[in-house]
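What follows is one structure encoded as structure tokens, with my remarks underneath.
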Amino acid sequence: MPSPFPRRRCLPGDFSPSVDSRPCSSPCELPGPTGKLFLGGTPPRALRLPRRLAWCSIDWEQVCLLQRLGAGGFGSVYKATYHGVPVAIKQVSRCTKNRLASQRSFWAELNIARLRHANIVRVVAASTRTPAAFDSLGSIIMEFGGNVTLHQVIYGATGCPEEDGPPCSAGEQLNLEKCLKYSLDVVSGLLFLHSQGIVHLDLKPANILISEQDVCKISDFGCSERLEDLRFRPRHHLGGTYTHRAPELLKGEPVTPKADIYSFAITLWQMTTRQVPYSGERQHVLYAVVAYNLRPSLSAAVFTESVPGKKLEDIIQCGWTAPAQQRPSAQLLLLDLRALQAELG
């Protein structure tokens, strides 16, 4: 069976930007002082890469793992340093129930490999050749965007179930000014992505990091797509979180940037209400979203107590309207949010 991934997207796994070009054995673990884990050695047939290609290989001698930040269906994320700089390392697990989906997730993360924007988590380096200790399909070193996600800010340090589950305690109070600041960060990131022909397709609070400078950065591009790629092949599998998935995607219609606008509207609603979007069984929610235009309630006091609150409600409603073509673009959404921010002074 031919590989589902085009050859042009294969990383040069036999290369590493090492200071020398000596061949060596498989990478090994070297315990460092203070209990940190250093990864020594370089892959076989290692050669020095030109600087312009340094992003598509990892110098494992410069990696120091600090702690595991979390784990998901496709692997684990670690806090680490790379060349002495704080980073996050995502390891795509080899032992998953759906290996093909794991491979797709790895390559999707690299859709943003050469992009730079203040509100997008930057890819520093990536490789399909990893130390044996990881037992992974591939590794991606990313900018360390922060220890906190927007999900944790909204729902508290312990987080909150994204699907059905017990009630959660809210996090810190997010006033309208803070909601708008974070919204402008996120939409600025979306505008840049869409201008590059990329759709995220899994935008939600858990995938938005907040840096020490209080800047939101969009992360986790494992479901992302390049629009130009979709012209040549259908998208058979739609990942992402069902509570934030646009109704046209649930119906199998074409992917457009407007799907991210829908997800943002749900996210903005979460910021302003600090509630979970839906309760009830997943299949019932999916059916109601498509067949009956089910949306989260807009009855919260924040939408009725002031003129700015009412305008925020209008922005949310426009963002999650069912006909995708009627939703605003990221550019128009950014203008509306800036106007509302100016109104608040």
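Placement of Cβ uses the backbone N, Cα and C atoms for every residue, glycine included.
What Swiss-Prot records for this protein:
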- 63-344: domain 'Protein kinase' (DOMAIN)
- LEU69, GLY70, ALA71, GLY72, GLY73, PHE74, GLY75, SER76, VAL77, LYS90: ATP binding site (BINDING)
- ASP202: active site, proton acceptor (ACT_SITE)
Assigned conformation of ASP202 (active site, proton acceptor) - DSSP reduced to three states: coil
Least surrounded among the binding-site residues, given as LEU69, ALA71, VAL77, when other CB atoms within 10 Å are counted: ALA71
Listed in sequence order, residues with CB under 8 A of ASP202 (active site, proton acceptor) and six or more positions away: ASP220, GLY222, CYS223, SER224, GLY239, GLY240, THR241, HIS244, SER263
